[in-house]
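What follows is a short report on a single structure.
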Amino acid sequence: MNQHHARGEGENRVAVYPGSFDPVTFGHLDIIRRAAKQFDRLIVSVLNNTTKSPLFSVEERVELLREVTKDLPNVEVDSFRDLLVRYMRNKQAQIIIRGIRSVTDFEYELQMASTNRQLDEGIETIFMMTNPKYSYLSSSIVKEIAKFHGAVQDLVPPAVEAALRNKYVPNRQP
Ligand code: PNS
């Protein structure tokens with residue numbers, strides 16, 4: 001029995017939805033809303049990964065996530081720079097939430113879930129199928145469209161749309 005994850009009667013089921021969220025899309029938000037219904041607390045946590053070069057800083061990504069989840073009382077937003085399972089142990093969370101859009105996501109997700117299980121068998125990954133409406137959607141696609149000043153209002157919440165517009169101001173001096 002893994003003492004770190006022992007839960008008594010009446011204790012909360014805490015899930016973590018980790019990711020890059022660069023930036024959060026309607027696809028992520030759909031997973032957040034649905035996952036929030038299934039658990040007592042949902043912590044959406046942004047990976048602070050120094051090796052990637054993101055468009056939005058961790059602070060900006062956290063702020064956008066807070067803005068778009070402010071109507072969800074059991075959702076909190078955080079960031080982490082650690083092994084996910086260690087971060088979860090500190091938060092006393094037992095469940096990892098990941099969204100799956102298609103078979104192309106499956107291999108990577110299986111590898112991550114198996115790695116996390118190997119590192120801490122008390123932690124369970126639960127997959128949620130993305131709403132088919134958003135199955136083609138990704139943060140990279142959104143950034144690509146915004147870079148060329150295409151319409152993203154059907155893909156991201158208004159706060160994210162505004163933030164993208166700020167990043168990609170036409171003819172801005174470097
Ligand atoms: O949105 P992403 O980029 O697909 O999310 C990937 C993420 C953040 C879930 C993954 O990179 C992660 O958990 N990183 C933390 C470091 C870690 O624990 N790695 C071992 C498990 S793969």
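Even glycines carry a Cβ here, placed using N, Cα and C.
TrEMBL entries are annotated by machine, without manual review.
From a predicted model like this one, the values you see are computed outputs, not experimental measurements.
Feature annotations, reproduced from TrEMBL:
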type	residues	note
DOMAIN	16-144	domain 'Cytidyltransferase-like'
BINDING	S20, F21, H28, G99, I100, R101, E109, Y134, S135, Y136, L137, S138, S139, S140	ATP binding site
BINDING	S20, K52, L84, R98	substrate binding site
SITE	H28	site 'Transition state stabilizer'
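Within its own chain, K52 (substrate binding site) has S20 as residues 6 or more apart in sequence whose C-beta sits under 8 angstroms from its own.
It is S135, among the binding-site residues S20, S135, S139, whose Cβ has the fewest other Cβ atoms within 10 Å in the structure shown. Checking the binding-site residues H28, K52, E109 against ligand 1, none has a C-beta less than 6 Å from an atom of that molecule.
Distance from the CA of E109 (ATP binding site) to the CA of L84 (substrate binding site) is 14 Å. Using R98 (substrate binding site) as the reference Cα, a 10 A cut-off selects E109 from the binding-site residues E109, S135, L137, S139. Here the domain 'Cytidyltransferase-like' (16-144) has a mean pLDDT of 96 out of 100. In the three-state DSSP scheme, I100 (ATP binding site) is classed as strand.
Within 10 Å of its Cβ, the residue among the binding-site residues L84, I100, L137 with the fewest other Cβ atoms is I100. Binding residues for substrate (S20, K52, L84, R98) extend across at most 20 Å, taking the greatest CA-CA distance. For the domain 'Cytidyltransferase-like' (16-144), DSSP puts the residue distribution at 58 helix, 29 strand, 42 coil.
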